[in-house]
Every structure is written in structure tokens, then in C-alpha cells.
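K.L.:
Before we start, here is the structure in question, set down as C-alpha cells.
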Amino acid sequence: MTELPDNTRWQLWIVALGFFMQSLDTTIVNTALPSMAKSLGESPLHMHMVVVSYVLTVAVMLPASGWLADKIGVRNIFFAAIVLFTLGSLFCALSGTLNQLVLARVLQGVGGAMMVPVGRLTVMKIVPRAQYMAAMTFVTLPGQIGPLLGPALGGVLVEYASWHWIFLINIPVGIVGAMATFMLMPNYTIETRRFDLPGFLLLAIGMAVLTLALDGSKSMGISPWTLAGLAAGGAAAILLYLLHAKKNSGALFSLRLFCTPTFSLGLLGSFAGRIGSGMLPFMTPVFLQIGLGFSPFHAGLMMIPMVLGSMGMKRIVVQIVNRFGYRRVLVATTLGLALVSLLFMSVALLGWYYLLPLVLLLQGMVNSARFSSMNTLTLKDLPDTLASSGNSLLSMIMQLSMSIGVTIAGMLLGMFGQQHIGIDSSATHHVFMYTWLCMAVIIALPAIIFARVPNDTQQNMVISRRKRSL
């Protein structure tokens, strides 16, 4: 890093700033949801669309971000990403209704979807290959600090100012980042193949419509027949994409990816697994505030052990997988996460609050081990010609499944919380207890998929990639 020219180091700082903004936003909002609900006159049990709208937009836009950067230039797209994210933040802060807030989050999601992948692409283009790992470590470090800082910062801003400030703090940072990008970042472009617009539209429509159909009756008052039509339309769009990809060699995601058994199993397991684990960052702060009466600040502080556990486990997960194998690790962590989730609910409802940080630390560790194992299992056996496409598809599936998870969590809260409930009341406890029990079942189900993974205790993605590059 020290050998790099000054202008390159400044460019890395710009990318790191974008990573920080995006990662901070993914965690800072959850703590503020109950306060947003009160301000907007909505039930706190129906605020999940604020999260879903952002994550789903990121999932939809991810496949286009790399192509746009290659075609239009990394500087232009990164600049546009920061501007859109900052404008979205401003409109979020100015929102007076839930629908306005959801639309503003969609705009924010368009910027967020381009920020991280285009940032990675920028690092690849401006840094020599020998220093790429050090540069990526540098720019992703703020992305690890964001989730650690987000819940507590969100709690402080909500408790001592207002929820609007969780979005307003992005504006000065975004202005500085946009100006620095325009002035300092080179605009690399390369020749690209034709973008698969029909495939992109089919996938985007399918993902958006299916997610909407999951919870349209509760959040938007859509009739059951209309929901059934939406579900059928979304499924048809996905099937049409599969037919399109089968006939087109230039499809967005080649069906040849699924000729690799570990990729197919890993992708299916990642999709199902992240539906369950995607509920936890949304449900935990809402449960602590609405279910137990915690202040926003204290609820935010409670999330820090979970992030610390996740960061700590990343250092040893490779050794664990090499020792026990993917199948044992994935089955054990999947069932373990379900048990830890039930333990968290039990400890909280029993009033043993002093144990909550320890349980959340354990939850973060188990979840991190499962995430890392799912990612490497999915990609480890792909040929080099398909590795980039497989990684893009995995990233899209990760975001999609998390949006579905939050949608299902909101649907469960709405289903069990039909009557008006008060903070830290017996009725509220029952609503969250039933919701958490259903969540534990959903979290545990992917163990059935992971039980089919080959028991390859000696194979590891890092090892195979190194061998392949020699």
C-alpha cells in the first residue's frame, strides 16, 4: 500500500467511503423502525417494507452494475451511485408517509447496488495485481466497521435527535464522496458484450413480483385473487428466463453454472438459509424495543455483540471447515442457529437480560460460520470461465433471499399481531414468541439441503483457487 502513488491511495479512500456508506445503511435503519412507525402513524409490525424495498432493489440492480461500469466507465457509474444514494437519503428524511419512504429507499437501493461491485471493479483496475489483496483489505475494512457502528449510532440518533438523522448524516458524506470521485477517479472503460436486457427484465420482474405477492395482502391491501395472479406472473417470468438462458449463449447467467453439483446445492442452500438468517437483523431490534421495551440506544448496543461474534469467527472458519468438512459444518451451524434463536427468545422473555449479549455473540459466530461456508461451497468447484458469473448470481440470490426473509418476518408479525398491542405487554410477548418459533423452523429447514453436500473434509476453495492460479 505504501508503494502506491498518492492519487491511487486517494482513489482507494473514495471506494472505502462508498463501502462504509452502504454497509452502515444496512444496519442503521433496523434500530429506527419503531420510531419511524410512530412518526408516520403506522404499526411497527408493518415496517418491514422499509428494509425489503432497499434490499430487493439491490438484488434486482446487481446484475447490471458491472456491465454499466465497463460500458460507461467506473468513475461515471461510481459517481452516479453516490449521487443516487445521497438523493435517496435526502428523500427518505423528507418522507411524510410510509409509501414515500419506501419509494425513497428504492432510489437509495439503486445507488447502493452499484456502489460495492463497481468499487471492487475500480480497485482491480487501479491497483497492481501483486497489491490487490492488500488494497481490498483496506477498502473493505470500513465495510466491516459500518455494521458494528450502525445499530448503536442509529439508536443514539433516534433517541437524542430523530429518525430522520439516520438518513441526513449520509448527505455531507455523499457530497464529499461525489466531488472526490468526479475530481480524482479515472474513468476506465472496456469493450463489453451486449447486455442481456430481456433476461435482466425477466429476472427483475420475477423477483419483484414474487416478493410483492408474499405480503401484498397485509402491506398493500391487495385481494387474494390479485396476489395469486402476481405469484403466477412472477413464477412465469422466472420460467421464461430459464427458457431464454437455455437458448442464448449470452444470457445474463448461463445454465452451465448448474452443471457443477456443489454450485447447485450451495446456491439452493444459500437461498433457503439466508431467508431464515435474513430475518434476524430485522427482528432483533424490533423485538427488543416493541417486545421488551428497550430504548433505541440500548437496542442498538445489544446488536454489537452479534457483529463482533461474526467478525471474530471469520478468522477461524477455514480451519473449522478443513477439519470437519462442509456437510458437517453447514448442518451443525444451521441447526445451531435455530437453537440459538430459540435461546435468545427464551432468555429475553424470562427477563434474563444480562445473558442477552452472550447469546447474541454466539448467534453472530454461528451465523458467520454458516455464511462463509455457504459462500465457499457454492463457488469452490466452478471453472474459471464461470467463476465471475457464478459470483454475481450468488450475490443476487443473497440479497433476494434476505428481502424474502424480512418479508416473511413482517408477514408473521402481522398474522400473529392482528389486535392492537402495547410495548412490553403479555399480548406482545405472545406475538413475538409465535413469530420466533416459526422463524426457528424456517432457519432449521435448510439443514435438509446441506445434508446432501459431499463430505469433502480436505477440499477448500482457497486451496483450489491457489492451485488453479499456479
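Note: Cβ is positioned from N, Cα and C throughout, glycine not excepted.
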K.L.:
Please verify against Swiss-Prot: do G41 and N455 share a side of the membrane?
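P.N.:
The record shows them together on one side of the membrane, with a shared topological domain name.
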K.L.:
State the non-local partners of the transmembrane segment (431-451) in its own chain: residues 6+ outside its ends, Cβ under 8 Å from one of its Cβ atoms.
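P.N.:
Residues packing against the transmembrane segment (431-451) from afar: 45, 265, 268-269, 272-273, 275-277, 279-280, 283, 287, 290-291, 326-327, 330-331, 334-335, 337-339, 341-342, 344-345, 349, 408-409, 412-413, 416-417, 421.
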K.L.:
Pull the DSSP breakdown for the topological domain 'Cytoplasmic' (33-48) and write it out as helix, strand, coil residue counts.
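P.N.:
Counting residues by DSSP class gives 12 helix, 0 strand, 4 coil.
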K.L.:
Near the topological domain 'Periplasmic' (307-341), which residues from the same chain, at least 6 beyond its ends, have a CB less than 8 A from one of its CBs?
P.N.:
27, 144, 147-148, 151, 269, 273, 276-277, 280, 359-374, 376-377, 436, 439-441, 443-444, 446-447, 450-451, 453-458, 460, 462
K.L.:
When each of 12-32, 49-69, 102-124, 197-217, 342-362 is checked against the transmembrane segment (263-283) for Cβ pairs under 8 Å, which one has the most?
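P.N.:
The stretch with the most close Cβ contacts to the transmembrane segment (263-283) is 12-32.
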K.L.:
Sort out the residues at least 6 away from either end of the topological domain 'Cytoplasmic' (33-48), same chain, that have Cβ-Cβ distances under 8 Å to it, and list them.
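P.N.:
Non-local partners: 95-98, 101, 158, 162-163, 215, 218-219, 282, 285-286, 289-290, 296, 406-407, 409-410, 413-414, 417, 421, 431.
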K.L.:
Would the transmembrane segment (49-69) count as touching the transmembrane segment (286-306), i.e. at least 3 C-beta pairs under 8 angstroms with sequence separation of 6+?
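P.N.:
With fewer than 3 qualifying Cβ pairs, these stretches do not touch.
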